[in-house]
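Below is one structure, written out as structure tokens; comments come after it.
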Amino acid sequence: MINDKLPKIWYGGDYNPEQWGPEEWSEDDRMFKLAGIDVATINVFAWALLQPDEETYDFSTLDATMDRLYNNGVYVCLGTSTAAHPAWMAKKYPDVTRVDVQGRKRKFGGRHNSCPNSPTYRKYSTRIAGKLAERYKDHPALLIWHVSNEYGGYCYCENCAKAFRVWLKKRYKTIENLNKAWNTRFWGHTFYEWDEVVQPSELSEEWDGNRTNFQGISLDYRRFMSDSLLECYKLEHDEIKKYTPKIPITTNLMGTYPELDYFKWGKEMDVVSWDNYPSLDTPISFTAMSHDLMRGLRSGQPFMLMEQTPSQQNWQAYNSLKRPGVMRLWSYQAVARGADTVMFFQLRRSAGACEKYHGAVIEHVGHEHTRVFRECAELGRELQQLSDKLIDARTQAKVAIVYDWENRWATELSSGPTVALKYVDEVHKYYDALFQLNIEVDMVSVEEDFSKYDLVIAPVMYMVKPGFAKKTEDFVSSGGTFVTTFFSGIVNENDLVTLGGYPGELRSLLGIWAEEIDALFPDQKNRIVMKQPWGELQGEYDCGLLCDLIHSEGAEVLAEYGDDFYQGMPVLTRNRFGSGQAYYIASSPEESFLQGFLSNLCAEKGIKPLVLAGDGLESARRVKNGNAYLFLLNHNASPAEVQIGEIEQKDLLTNETVKGTVMVPARGVMILESKLD
Amino acid sequence: MINDKLPKIWYGGDYNPEQWGPEEWSEDDRMFKLAGIDVATINVFAWALLQPDEETYDFSTLDATMDRLYNNGVYVCLGTSTAAHPAWMAKKYPDVTRVDVQGRKRKFGGRHNSCPNSPTYRKYSTRIAGKLAERYKDHPALLIWHVSNEYGGYCYCENCAKAFRVWLKKRYKTIENLNKAWNTRFWGHTFYEWDEVVQPSELSEEWDGNRTNFQGISLDYRRFMSDSLLECYKLEHDEIKKYTPKIPITTNLMGTYPELDYFKWGKEMDVVSWDNYPSLDTPISFTAMSHDLMRGLRSGQPFMLMEQTPSQQNWQAYNSLKRPGVMRLWSYQAVARGADTVMFFQLRRSAGACEKYHGAVIEHVGHEHTRVFRECAELGRELQQLSDKLIDARTQAKVAIVYDWENRWATELSSGPTVALKYVDEVHKYYDALFQLNIEVDMVSVEEDFSKYDLVIAPVMYMVKPGFAKKTEDFVSSGGTFVTTFFSGIVNENDLVTLGGYPGELRSLLGIWAEEIDALFPDQKNRIVMKQPWGELQGEYDCGLLCDLIHSEGAEVLAEYGDDFYQGMPVLTRNRFGSGQAYYIASSPEESFLQGFLSNLCAEKGIKPLVLAGDGLESARRVKNGNAYLFLLNHNASPAEVQIGEIEQKDLLTNETVKGTVMVPARGVMILESKLD
Amino acid sequence: MINDKLPKIWYGGDYNPEQWGPEEWSEDDRMFKLAGIDVATINVFAWALLQPDEETYDFSTLDATMDRLYNNGVYVCLGTSTAAHPAWMAKKYPDVTRVDVQGRKRKFGGRHNSCPNSPTYRKYSTRIAGKLAERYKDHPALLIWHVSNEYGGYCYCENCAKAFRVWLKKRYKTIENLNKAWNTRFWGHTFYEWDEVVQPSELSEEWDGNRTNFQGISLDYRRFMSDSLLECYKLEHDEIKKYTPKIPITTNLMGTYPELDYFKWGKEMDVVSWDNYPSLDTPISFTAMSHDLMRGLRSGQPFMLMEQTPSQQNWQAYNSLKRPGVMRLWSYQAVARGADTVMFFQLRRSAGACEKYHGAVIEHVGHEHTRVFRECAELGRELQQLSDKLIDARTQAKVAIVYDWENRWATELSSGPTVALKYVDEVHKYYDALFQLNIEVDMVSVEEDFSKYDLVIAPVMYMVKPGFAKKTEDFVSSGGTFVTTFFSGIVNENDLVTLGGYPGELRSLLGIWAEEIDALFPDQKNRIVMKQPWGELQGEYDCGLLCDLIHSEGAEVLAEYGDDFYQGMPVLTRNRFGSGQAYYIASSPEESFLQGFLSNLCAEKGIKPLVLAGDGLESARRVKNGNAYLFLLNHNASPAEVQIGEIEQKDLLTNETVKGTVMVPARGVMILESKLD
């Protein structure tokens, strides 16, 4: 339980009373009650208010807000306010603003705007975190700490350059090691002194965002920046812990956000929280995958849905309204996949600046007689009714998909063989196939314990870090099934190719050799031709993107290419290794192939779908104290039929008992409780 | 009359004799006569020639040109030459060059390149304007002053930053007021001292041209820059007036150019002038609207067509030749809509640099035996024949469309609900419908006196400035018809939302409440379903872009949405208010809807079309001394039939008398004189 | 012969042993032998290794490599290593790094990164070239010098600004001349002192790469930058010649690379070499044209194919594998068109940095059992078998196409009439038509001796430099046939229009006057309507892009426009001039027109196709010592039938004798030897 002061699914969101006055505050109090809101995230962007100059701190407004909320039955998720520095600080200490990837020194503006290696920023952000902790450590409203906000963005200033060199020295010890790791003999880039190293930016090695001359330095700069920002978090975290060792601390993450290695971040957080902002055209399974990934950051521990919009966003190109019922449906999707909170950005819409057209529980009209408010209040009532039933319940998946931020960086920094390879999309293809099959999945790091799983899938495992190959071999030896794909096993953690034949360290496990890698144009296809029917797979399927030209070195060939000069070469192989099996898919297949393929593997391993249902019906399950909670989420605009099996289950939202075939209403939700088998 | 020295439609254009020598000059003299040219705009880009260094001025070339032109029967529109500073000035005083929105200090190059807050620029531009005025104040050729040229572009240098803070102090008095106006509590952007404010640029709050974190500061910077450039104009203007208080002063504007608030500029000009450069694919009605807008800058006063090309442009992607007859046709279009001059850029084509492929009266071949010259000379003869007939004639429209630059800035700076909203395009949709109906329209500012009109249309009146709501209520109370649309009444002049329900200050006038605003994807549509037939409207029509979800609060619902979850909610309403009516169109409709809708309103108000005619036949009317001058402009490549009514009218170009149905030749023009009813 | 030490087609490529160790070196030795490799390009990017600091030089690694290669039967193409400066140099002497066109000072990174006017770069690049020459002048492996690598890119730093002013003074003598050449009276840009001139960049006159306010300065900056880089080459060249006056020197060029005037460069090189990197979708005839252009840089002298990939590239969007046989086919294409070497980038794939996915003879797997290696080894055997047969053989074309880099710059810098005009594409249209007709072509400079040819084609000869018109008139007077097109004869070498009527200096030769130039939108077309059938031309053909509106002034009109207001005006004319004829094509025609037109001209001049064959079959011929070597290259994936005539010819690759009709296998090659008629 995140904090047992509030033993239910927390309900609330970001709240900025400092933008308003007493009239609105009393309306807020009244309407929060109507909506069943019991937690407010405050003080997220209030640094300038708390600290009007270098030596003055003024907590009076915050004091009053804390007290008012508490007296009104609302707990506080307390921000440290350090996601945007005050204007006076930028003026007095220019080191707090960043230099961008084009080498331009930024001026005051925006948010997430502080250089993570700025001495000024580190000093004052830590100091204010400490002051807040000291002041509110015993305040009864305090539920959890929210450090900064949506950490992100990189800096390229001279302070960062110096810190980068220190980071490199720590990593490589000697300049010779660094030269080797980055292969600097290429293009004569040998460094003789540490201070010859400059940041990879548009002024040196990079262009167009992710293009680089040297993958090694660009990869390390991403690691360094992720670490630098994490260090800022940790400084605040450690300062707070001095005062409130038992109050949990989090910061809000952003799903598949590319710039930070969230698996490293997860380790430093008491509870993971994240902000979920799908577009109208984001696949439902992509949101589901993001939730599962956030849950995976701390090996399955429940997380917080820190932000979502009640209705509409402002920063997308076309900001559609969430259709009636969709806010509730997506809220339960989060809960189904491990969230123990449902929180919004924002409780009251601001009247000015760029987020004034972002949805809120209390809209500009200011009263409760809106569709959006009614839906929020209805959900508030349901969450109170659910009480602590679902809190702390866990998912029990037998299938894991490996996700790795460093691997993502490396594949996207690669010069060749194709610009079309998007790591996240390839991972999502596998996730989506399992999602459609109603199979539970955990999204895991390369460091996760694989022995919990029967099936581990590592799409495009391009970068094989130390120990990964051995660990995977152990998993398969012991009976596990492992799947990987084209463009895997190519490089080590420094993006240096493992010589002697692809897929490098995974070669003996997979029993194949990839001699060449063909890149297809977007309109080009090849075919996967099954050598003989296998379970749900027979005949042929399209594939594209990249085609590894592989030779079996012991693996059984299940399918061959159907076209081009490598027609007849293997495209799908299975290698028996110890008691288990390792599959290799040499190209990027169409969806129907993956559903058949993964269906076969699950059948072999005895992994059963949660339910049988058609398109748009999502299922998920959480387990606690011997009970299973099966979530049925109907994303269709019409009712959906679902076969849930013959055991009686109780719908927590209606208290009805059901079994066999149930109908889930259009955009409706069922949460079915049963004894765990 | 602009200047009674030349009591006819002036005919001529930009002329740069300093690029040529005596041989060309005498050919110019000869050919200007052949072409009927009687005005030349000179000295527009001659600063470096007039002032070869800081202390030296040399007017000898200009003296000779003035005299030569006058002796040849050509008057002078005299430029002040300050649209491009000399190279020596940029080198000696770098403050004259600008810093761009990316923060890059510019070097010498281009034109419209001077920082408007540069002390050097202000000093020397004012000084040379004064010297010119002093020298030529009694020259008989002097007809009008042409200050600088096509003012535009913004600067982001430190001088501008300082001037911006002074401008802000004047506007807001206290930093508290500024913080409130910009809602700086958002993201903790509170300012404690004026000098903490930095310009909104790509280094601070903005990106991608019109994206910003803070609408307030970005809006004010646009106001400030428009004012700064206007201040440069006024400094020259005031200096000139010391010497020639009776000679009119203008500067050439650019239609719907986005960066300057031309309604403010119009107030400072004795006569408005503008440069008309449509593309081959610019809608005819868009050019017409631009003329009407320029006429509206000074409440209907005739304006100058300062520039158009005789044949082809150089800076478009594909520079089509104007087809035979089109130059004449478009020249009369300007006159029809209020121009008292027809002037070209340029009289002689330059031999080098970027405008050498821009059309001219005298082409590179240098003689008069060209199609372009023949067409110019033919038009010259006609304009002489028209004498002073049309000079100072006015338009008498009963319909006004409101146009507002600040509203345009605000809608385009808005973050959400859609990037697809283009203010000018929405305004043009309404204009175009009336244009097709042959209804006369004035384009007016929010400050215009509405009592002159029967129908006032304010599309996307997003920003409601102080007094506007009251004034519009008065107009409707007194019997006027007012039309506005979705996304209106949302914010005040600082882009702060008017709380309590959209459309804010216009809510009681319109009798509706807009609860939510849905943004549609480009390929999405909804439907306007008429509740019952109304005049020319019946059945259903497409709509899209944005859909306000409105509730009637007294307004009559004329049509409802046909689709989506807001099917059945009102999309077209009419509210009786006092003696008049206020309409609200909650989405962006297809063209046929608007033609029917506006046709209904005009019928109700007794506003009659000028003529009945088919597509591509444009009509317009000017009125003077009890006579009406009806222009029929056939933009088709085939003859057009027009019903002009049963009163006899005289064609000024042929002296024939016509009535009933007339045929206007392909790309032909008729100017029909009649007594005003 | 490039160097008679190795009297055969050289076979090898770029080799970077410094990235590897003894284990790989001995494998390299073994595998080079297997592949028949006899030349290695080394030391291209080794500056940092050779010169670890300002005063230390260490040649030990290079010594060992030279010796090892020589002992293994491999000669050396010795790089001077100056294409990328060492990191320590960038740190110690920042003047070596460039400032980009946006005005941003670059930091250490990339390659081709040195400012060409950096005193530091010039000093140390010359010094190391001299040290290498001194050290290896008598080394038996040394075959040829390879100065720097793929020169390119521009710099905009202050050192370049100063050098530009010196270059301008040399060119123009007085500032008055410069003002005149650039037409600086336009926009008042007159310069009074040389140091008022700043570089044309995004901070002054240019934007979007090739858009400029002043063509004159932008054109001169391109000339200056090409000269500046050439000066760097010459400094190294001259230093090397002091030690090895008889060893040839080259640097590798890049075909139609836009930034350098390669005709000026060719004059300074003992032998031209170039790097050939077609995409999968590059037309075969475009590669052929590039080879012919490189051959033309030194008037037909054989050149070196310095780089091509054995299999795949890394820097394209989608890096397809070269299909089986294609590497061999494209290698012979180079030889067929004048290459006396076949060389690869690279002999061994690097393990890290951005070229690790670029193909190589030795792949990451490290052994010879790969498709790519087998194809390389097979070609190596064939080249040994060909011995010195083809070395130094020449092409004997009777048709020349004029290509001019300065003309290319000028057309692409032009503001108007269309952005769609791409000089290289227009040239390629003419080349491609002749290629499809199996007619031999030389690509020549404007300075080439035309008397060798019967037919000279100068597409879009926009810029007519001094002497060109006279020389072309002489050529036609003496019986030659000359062809040029729309938008020709417009400007002089300073981009100043030749006044008095287009096509200026070519007007009397062509017997026409172009009154206007219409630019068509991409989806617009006009028609070429033949007045009567002429040879293979009859009926009508599409044309577009630009349409000159021309009048005959003596020329015979062969075809007229079919549409628009200039229907009936001439579009194809022939002017008899002395004993010859000059054709003008007033628009950009479709391909079938050009094939018919050029077929007619060749027939008239008695120029015969090499063979008769269908699509995808390329022919070329080299001649030596009274023998002709006819190359038949089948780019199709199926066999191709070719009629070669009734003389017996010997296939050098099979030693079979053939005549009449031969079948060339899919992607196959024949080299047929015969006595020259």
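Each Cβ is built from the backbone N, Cα and C atoms, and glycine gets one as well.
TrEMBL: automatically predicted annotations, no manual curation.
As written in TrEMBL, here are the features:
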ACT_SITE  C:Glu150  active site, proton donor
ACT_SITE  C:Glu307  active site, nucleophile
BINDING   C:Arg111, C:Asn149, C:Trp315  substrate binding site
BINDING   C:Cys115, C:Cys155, C:Cys157, C:Cys160  Zn(2+) binding site
DOMAIN    C:14-386  domain 'Glycoside hydrolase family 42 N-terminal'
DOMAIN    C:397-607  domain 'Beta-galactosidase trimerisation'
DOMAIN    C:616-673  domain 'Beta-galactosidase C-terminal'
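Here the features listed in TrEMBL are painted onto the structure.
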residue	record	DSSP (3 states)
C:Arg111	substrate binding site	coil
C:Asn149	substrate binding site	coil
C:Cys155	Zn(2+) binding site	coil
C:Cys160	Zn(2+) binding site	helix
C:Glu307	active site, nucleophile	strand
C:Trp315	substrate binding site	coil
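Sorting the binding-site residues C:Cys115, C:Cys155, C:Cys157, C:Cys160 by the number of other Cβ atoms within 10 Å puts C:Cys115 first. The Cβ centroid of C:Cys115, C:Cys155, C:Cys157, C:Cys160 marks the Zn(2+) site; residues of that chain outside this set whose Cβ lies within 8 Å of it are C:Arg98, C:Val99, C:Pro116, C:Asn117, C:Ser118, C:Tyr156, C:Glu158, C:Asn159, given in sequence order. Note on C:Asn149 (substrate binding site): other Cβ atoms within 10 Å of its Cβ, all shown chains, come to 24. The average per-residue pLDDT of the prediction over the domain 'Beta-galactosidase trimerisation' (C:397-607) is 98, rounded to a whole number. If you measure from the Cα atom of C:Asn149 (substrate binding site) to that of the residue listed as 'active site, nucleophile', you get 11 Å. When the alpha carbons of C:Trp315 (substrate binding site) and C:Cys157 (Zn(2+) binding site) are compared, the span between them is 28 angstrom. For C:Trp315 (substrate binding site), the count of additional Cβ atoms within 10 Å of its Cβ stands at 13 [all protein chains shown]. A distance below 8 A between C-beta atoms marks C:Arg111, C:Trp315 as the recorded positions from C:Arg111, C:Cys115, C:Glu150, C:Cys160, C:Trp315 lying next to chain A. As a summary of secondary structure, the domain 'Beta-galactosidase C-terminal' (C:616-673) carries 0 helix, 41 strand, 17 coil according to DSSP. Cα to Cα, C:Arg111 (substrate binding site) and the residue listed as 'active site, proton donor' are separated by 10 Å.
The distance from the Cα of C:Cys160 (Zn(2+) binding site) to the Cα of the residue listed as 'active site, proton donor' comes to 20 Å. Nearest to the residue listed as 'active site, proton donor' in space, judged by Cα atoms and limited to the recorded positions C:Cys115, C:Cys157, C:Glu307, is C:Glu307.
Residues near C:Glu307 (active site, nucleophile) in space but far in sequence (CB under 8 A, at least 6 apart, same chain), listed by position: C:Gly13, C:Asp14, C:Asn252, C:Trp274, C:Asp275, C:Asn276, C:Tyr277, C:Met343, C:Phe344, C:Phe345.
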